[in-house]
Amino acid sequence: MQYQVIIPAAGQGKRMNAGKNKQFIELQALPVMIHTLNIFEMDERCDEIILVINPNEKQLVESLLTQHKITKARRLVTGGAERQHSVYNGLQSLKDAEIVLVHDGARPFITHNIIHRLVDVAAEKGASVAAVRVKDTIKRVSDDGVVLETMERSSLWAIQTPQAFRVSVLEKAHEVAKEKGFIGTDEASLVEEIGIPVHIVEGDYQNIKLTTPDDILYAEAILEKQSGGR
Ligand SMILES: Nc1ccn([C@@H]2O[C@H](COP(=O)(O)OP(=O)(O)OP(=O)(O)O)[C@@H](O)[C@H]2O)c(=O)n1
Ligand SMILES: C[C@](O)(CO)[C@H](O)COP(=O)(O)O
């Protein structure tokens with residue numbers, strides 16, 4: 001089954017504190033955004049990339065796409081105030097897609113194997129998310145820093161992107177969220193709100209989101225390992 005992917009890349013990267021959108025930080029001489037786009041560019045099952053960007057970065061993005069021969073990102077979409085609004089804008093520009101993936105521009109280490117498993121589960125069941133089992137003990141804590149409870153770890157998963165959906169499911173979820181003024185931190189939470197089951201696809205701990213400066217050190221180590229330490 002083929003798919004289209006929406007890549008939200010219109011954030012500010014405030015927690016990264018790099019003085020620029022973290023999408024443009026270079027890892028082994030390639031911007032983060034290009035690492036992510038290359039994965040979908042090289043996937044035969046990906047028909048189109050809908051790249052969501054800040055309008056003031058359009059020229060820079062266009063020149064990077066040309067320079068790095070990214071041919072599938074034919075339509076650039078303007079982002080919104082929150083990640084959810086950026087994805088909503090991307091969804092409005094989908095054409096003739098049955099399955100849509102949403103994947104953070106800031107997660108440059110996703111694999112084709114996980115992408116394909118997500119697409120297959122979404123095609124069969126409607127909604128799927130990449131996730132890994134939580135490794136730490138997780139506690140719920142009050143605003144004044146006192147532990148309220150220890151969560152049962154065996155049922156806790158850390159949710160990543162990609163998240164894959166039948167297009168009709170994600171469209172409905174976004175419309176309902178818009179009506180209710182609901183803002184979620186991922187697409188699956190919107191789908192959960194409309195009562196459609198979201199299925200876990202076990203992912204990879206290396207599929208990190210570059211969020212804070214220490215993530216860059218880890219990303220460099222992953223790339224070093226991928227390139228055989230050369
Ligand atoms: N209004 C927004 C906010 C985020 N994103 C994108 O959503 C992904 C995940 O968001 P996050 O890691 O929070 O990125 P930023 O919003 O850039 O980071 P920060 O919250 O630290 O400013 C990133 O690829 C980011 O560019 C987006 O397209 N539009
Ligand atoms: C969608 C996401 O990457 C799943 O882990 C995450 O929720 C994005 O959160 P952020 O606060 O926008 O970084």
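Along the chain as shown, residues are numbered 1 onward.
Positions of Cβ are set from backbone N, Cα and C atoms, glycine also.
Going by TrEMBL, these are the annotated features:
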SITE      Arg15  site 'Transition state stabilizer'
SITE      Lys22  site 'Transition state stabilizer'
SITE      Arg153  site 'Positions MEP for the nucleophilic attack'
SITE      Lys209  site 'Positions MEP for the nucleophilic attack'
Recorded sites near Arg15 (site 'Transition state stabilizer') (Cα-Cα within 10 Å), from Lys22, Arg153, Lys209: Lys22
DSSP-derived class (H/G/I helix, E/B strand, else coil) of Lys209 (site 'Positions MEP for the nucleophilic attack'): coil
Mapped DSSP class for Arg15 (site 'Transition state stabilizer'), helix or strand or coil: helix
Per-residue Cβ crowding (10 Å cut-off), top of recorded sites Arg153, Lys209: Lys209
Integer Å distance between the CA atoms belonging to Arg153 (site 'Positions MEP for the nucleophilic attack') and Lys22 (site 'Transition state stabilizer'): 32
Arg15, Lys22 as recorded sites, winner by CB count within 10 A: Lys22
